[in-house]
Amino acid sequence: MVRQRINRDSGSVVLVAKRSNYVILALFVAAVYGSWFVYEQQYLNLPTPLGAQHVGKRGFSEHEAIQHVIALTQFGPHPVGSPALNHALQYVLQAAENIKETAHWEVDVELDLFHAKSGANHMVGGLFKGKTLVYSDLNHIVLRISPKYAPEATENAILVSSHIDTVFSAEGAGDCSSCVAVMLELARGVSQWAHGFKNAVIFLFNTGEEEGLNGAHSFITQHPWSDTLTMAIDLEAMGVGGKSGIFQAGPQPWAIENFALAAKFPSGQIVAQDLFKSGAVKSATDFQVYQELAGLSGLDFAYADNTAVYHTKNDKLKLLKPGSLQHLGENMLAFLLKAGTSTNLPKGKGTNSSGKSGQDTAIYFDILGTYMVVFRQYFASLLYNTVILQALLIWTTSVIMGGRSAMVSLALSSLSLVLMWMCAIGFSVFVAFVLPLVSSSPIPYVSSPWLVVGLFGAPAVLGAFIGQHLGYLILLKYLTKTFSRRNANLPLVVQEDLAKLDAERWLFKAGLLQWLVLLIVGNFYKIGSSYLALAWLAAPAFAYGLLEATLSPARLPKPLKTVTLLIGSSVPCLLSSGIIIHSVSTLIGSSVRLERSPGSNPEWLGNVIVAMFIAAIACLTLVYLLSYIHISGAKVPLIITTCLLFGISLTVIQLGVVPPFTEDTARAVNVVHVVDMAGANGKKQEPASYISLFSTTPGNLVKEVEQIGEGFTCGTVKPLDFVTFSVKYGCWSDKNANIGWHETDIPLIHVENDIKGDNRVTHVSIDTKLSTRWTLGINTDEVEDFQLKDGPEELVPIGDKSNADSWHIIQFSGGNKAPRKFSLTLFWANNQTHKKDSNTKQPLLKLRTDVDRITSPTETVLGKLPQWCSLFGKSTSPLTLAFLTSLPVDF
């Protein structure tokens, strides 16, 4: 509240710039509880799982779907080429046969066990730059459901796709047995509805996704049904369970618009799409193949709960929350029923993933997980431009009418924004640097994400307030002088109070200016998430204009009303609170796999990223609330509270009250039995064998090695090149490392002939021996082009090749019948310059072959691995046995 004082001489009432501490406390409590309520409703509120008796033949039952997840996870990890994957394929095939047998009599169900021959993925976008992904001997299960008496429906098909295979380190309850289970239950339901469809629905259960989207690529390029597709729906997971939300849509808006109309529990945010498209998320899904290669529009769903377990042992059934499958299943079934009966599916092919083919892309977001808002980019641009022009007009008019005083006040209030950002980022980043020095892990909050509230949130809020308060004091000093000249007839204490009230209002308006700038930038670059900037600008501006604003400079300032903040912040908080909390949680979970090349980044980098993200959130969302504190008595309580919160969190970390990692939220590590023939600079050597231990999670491995024993040495003196990445910090042990492999297992690179001259050509034979999963690096500083063949079959043709850091990488994966002998033709660059110092020269070729075999010394290490550690797999990771060899430039 703002107090009043009676002027005894004149009897007039004068406002005193003083706000109650309890008001500030109530505002903070409302912000915290309101934000958490939004998050719970938007991301944690799952539907009740239903049984078959509740949904009948035509509905979706999680109780039925979960049986598929149980069956698939019982096979354990089932990567490409493993016997377990064959068992998983047989299970899905039998389930598909059952669907075919029980389908409605007017529905035609076609089942195809599709064997994909060799192929190569030449996409160059995102993670595919500088790579060619080659595959062979893949098997997929394809199920087409269409009305029996409307054969034309098969010419317009909706694709629903996911993958059966997992990485070698996870049983894949989330990624993506849950997706396969949902698809099987969907197919069962659709088979009872499709007699009224105008379009077919194709369910693709592919393999090879984890090795580089090979399953989707082989289907699009080789299967005859791919020519009938008009739309693609991809189901994915980057965690285990929770709500499966849309994180990519388009480029045509038909799918997202109709999903919003049909879905019972719509979930999706264009914020996630913006982050994914920007490259901030280092990942790719089959949807990229469907968009770029097939030119299809559609939707990409993903489970994103508990992202720290992604591709680890903890992607397991017990962490799959009840209601997760029901949520996705009911949404998808409702959408497929709507799309299946539609006569106006999108027909346009040839669009690219950026949507720059003339399509009017869609902006979309859900509200509390119950309603989805979708509008076109054209409308968004029109709306944003209108708001921007009106805001600029109001600001210009206000400054002109206010004269020099308004111009200076605007500049000084803008300075407060700069100081706020500097202090918020500075305080939180300082903590990020300190944490590795006081904790056993650089990221000690992974298993307990709530710790970031005290570790980074409290310093960020404190820094934002101090920075804004410094700006407030500078602005106050100027305004005090201004009021002393303008209102010299008023008592000095009244002039000071008026200056405080005016400074408060300018700080509030500076928040509007901040969001106006972001809206202008977002509108210029057509960023979908710009709707958030609109909300944070328009709602507070409306409340301020309705309850506070005046264009008359002669009118004395009044204190900001509490209701102004409540009205102005309610809509923005409703739209952004859930997204913010979920984004922070996802960022924390992703930090366990931050280091793509272990040891290449400083330990504090992950903390700095989290700290800066939280500091930015504090500056963006608290700018209005903080402006209310400066004339209150809550300044000291705020400082004490944030310091206490930080101190408690730091003490908890220092004392080890909560561990950085647990059995269910594990540190990502790799244990690889390495047989190294590469040597230095590509020079061949006698086989060197050792067990390598490294981690994609920041931090040293001293604690882990102490528990394992087995003679491990850790450090940076033995870097390891795995072709797709390098290990600059790791641990190694040669104890019993000569056991479990034979020299005949070592891959061979042999120069068949070398035709020198102006157009030098070298023919090389490659024998990968045991391996059907290998990676070859080709030095593009030396080689201009190349051709890869499997006997007479051309796998990689001559043509333009992209490169990354002067290397082109070929990643090969396939089943047990995949070839193991290849011929490689190298066309040398004409402008090659050989360095005389061979110690600095890279090899011409470097090869890594992977074998899914756990040798005796590896088994010993894995048996002693701490429970808070888990093997981590991805398409570029080696398996548990890897052979390294190379070919020098001067062979």
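Yeah, the Cβs are placed from backbone N, Cα and C, and that goes for glycine too.
Just so you know, TrEMBL annotations never went through curation; they're auto-generated.
When TrEMBL is compared with the stretches 167-188, 255-276, 497-518, 563-584, the one noted as transmembrane segment is 563-584. Between the stretches 288-314, 450-476, TrEMBL puts its transmembrane segment entry on 450-476. Remote same-chain partners of the transmembrane segment (604-626), defined as residues 6 or more beyond its termini with a Cβ less than 8 Å from a stretch Cβ, comprise 27-28, 31, 417, 420-421, 424-425, 427-429, 431-433, 435-436, 442-443, 452, 456-457, 460-461, 463-465, 468, 507-508, 510-511, 514-515, 518, 536, 540, 565, 568-569, 572-573, 576, 580, 583-584, 587-588, 591, 594, 698. Counting same-chain residues at least six beyond the ends of the transmembrane segment (21-39), those with a Cβ under 8 angstroms from any Cβ of the stretch are 1, 368, 562, 565-566, 569, 573-574, 577-578, 580-582, 625, 628-629, 632-634, 637-638. Just going by CB pairs under 8 A, the stretch in 382-403, 415-438, 563-584, 638-657 that sits most against the transmembrane segment (450-476) is 415-438. In the predicted structure, the domain 'Peptidase M28' (148-335) carries a mean pLDDT of 96. Within its own chain, the transmembrane segment (415-438) has Cβ neighbours under 8 Å at 444, 455-456, 459-468, 470-472, 474-475, 507, 510-511, 513-514, 603-604, 607-608, 610-612, 614-616, 618-619, 623, 626, 646, 650, 653-654, 699, counting only residues six or more beyond its boundaries.
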